Protein chains: 2
Amino acid sequence: MDILCRCVSSALFLSFGMRRDVNVHLLLLGEPDPGKIIRFEGLHLRYLNPDERSSGSLIQKALKKDATEQDIRSTPGVWIRRGDLGFLLSKFEGRTLFYLREDGEDIRAIANEIRDPVFFLGDHIGVTEEEEKQLLKAGAKIISVGPLSLHSNHCITLVHNELDRAEAQRGELPGEIERRIEN
Amino acid sequence: MDILCRCVSSALFLSFGMRRDVNVHLLLLGEPDPGKIIRFEGLHLRYLNPDERSSGSLIQKALKKDATEQDIRSTPGVWIRRGDLGFLLSKFEGRTLFYLREDGEDIRAIANEIRDPVFFLGDHIGVTEEEEKQLLKAGAKIISVGPLSLHSNHCITLVHNELDRAEAQRGELPGEIERRIEN
């Protein structure tokens, strides 16, 4: 759970303010009640600070809701529902999917061409073979952010930096392009 | 204090293991007892996990020691002493100093030439004018990591990535070059 909290923070925080054009989807597949998706919407988020306790508390609040096949709002900008990877992939149909794996193509080589992306990151246990198959079948491109194996929250920081730099080069900062980090 | 905990974690953690070639210096100048330096030595560190609570607990333990002008070991790899920015700068004499500021030169343009570096980062309040003068007088070069203003822990992740990539290009990974992130 700690790693999820840090991912939420890395995906959403700037030094002064929040990345309002970013959404985070936490796909929770662990016991005791697998198959839940918590969504953080940068645009509507409130009550989130950069520390782990803060995102942890919003996640816990969401998990107390009775999750169904419909989105239920937990706190402003935080939603929970039942769902799995297949559901997420169908939701993101038509967008550019990336799957972060250490042996992927260097994001730096393609950052300038990335538009309307969704990034998939595994937790510390990684992504199962079956999930990987699903991702690749849906057209996800395998990319990496550097030569070493890093925690997911650090990878998110690096992905943002590549896209920030690409947007700045195109004169598109701050955040005119919708961008979403999904986990 | 939260931000310091996150900086320690960003500076020292890889996905599987620790950056043993990194030291972190936390320069604590706030009330009630300003002028302390806590040093985390990657090479000797134990009992540190990537979560904020873990680094927070090691910092709290160190702060309970009676800090003097000599290093006192708090836990394995964690040391505390009295000191200020001037002390740190004299300690790092002869090394290559960098000071992170948003309007600095892009680290990406010079990453390949960086050897034996020490990086100085401010907290969320930033660095005072007086401290900045000291840093520049000591020869620190002003660099930046991207077009947006980010939290210090995210900056550390980005600095590591640039150096990791430069080392990989030179065929020097894993970590044959001593590298230190100081805060």
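Just so it is clear, glycine is given a Cβ too, placed from its N, Cα and C backbone atoms.
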Residue in B:C7, B:C155 which TrEMBL records at the S-adenosyl-L-methionine site where B:L100, B:G122 also bind:
B:C155
Fewest other C-beta atoms within 10 angstroms of its own C-beta: which of the binding-site residues B:L100, B:C155 fits that?
B:L100
Around the S-adenosyl-L-methionine site recorded as B:L100, B:G122, B:C155, what other same-chain residues have a C-beta within 8 angstroms of the site's C-beta center?
B:Y99, B:R101, B:F119, B:F120, B:L121, B:V145, B:S152
Those residues of the chain, 6+ apart, with a Cβ under 8 Å from that of B:G122 (S-adenosyl-L-methionine binding site):
B:L100, B:S152
